[in-house]
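Asker: First the structure, then my questions, so here it is.
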Amino acid sequence: MTSMSPSNTHAFAPAVTSLLKPLPAFAPFLVLSALHLVFQFLHLGAAANFSKWLLMPALVLAVIAATPARRSTATALLLAAITLSWLGDITPLYANDFFFVLGLSFFLLAHVAYLLLFVRGLGYARPRAWALVYLLWWLAFVALLGPSLGSLLIPVALYGLVLGAMAAAASRGTLAIACGGALFLVSDTLLGSNKFLATLDLWQSGFLIMVTYLAGQGLIAWGVVSVQRRAAAGSATEALPAARG
């Protein structure tokens, strides 16, 4: 076993410190998420529904508190995506087709905001080659759910296309952003399958949908904030010699 050299240790420590710096800002979101997942697992419907209203606002506050570039395009798009997701969260998706389409519309706009964030805000123009798996996912998703969708086939297929594009664009980002995009896609796949596949008996569906959703949202937000913090730190470091000169 090789040991880490002193130079590597000195380089590694600041990186870890920088990565963990946003943690206090994200703590309320993490605590609320944990509570919500416990409520979901125990089937405490009223508590789960109430806590669901608080999740995305807590994530918005975390982003505002942790990001050094509050007026940047990336931050504005991230906050817009989280807010639109919150509107989708509080829409009763299972009440009837009208509310399902309404909630779907909010999440569709959220994914558009995320797509713009990755492509325009962060410059992730080209997905990685492995992101082609998301095209295969979309084809399988439409083929699997299509027979059960009826008049909702086109809206759901369009939603899936944008969702897959968002996850593909996220693949170009950091590990946190790429994993966040993938988990968001998994969550929506579980939600759609649970709603439209009558033969599917998904164990702890509410818990599984929400744990992947919250992990996805949290990782994307954490990843974007971390990217901006590193960029701001780099700019400040470059500015020091000029200021001293």
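Backbone N, Cα and C define each Cβ position, glycine as well.
Keep in mind that TrEMBL annotations are predicted by a computer and have not been checked by a curator.
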Asker: Match it up for me: which of 58-86, 174-202 does TrEMBL list as transmembrane segment?
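Answerer: Checked against TrEMBL: transmembrane segment maps to 58-86.
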Asker: Grab the same-chain neighbours of the transmembrane segment (205-225) for me: Cβ-Cβ under 8 Å, and only residues 6 or more beyond its ends, written as numbers and ranges.
Answerer: 22, 26, 29-30, 33, 36-37, 40-41, 43, 48, 55-56, 59, 62-63, 66-67, 74-75, 78, 82, 85, 114, 117, 122, 170, 173-177, 179-188, 190-191, 194
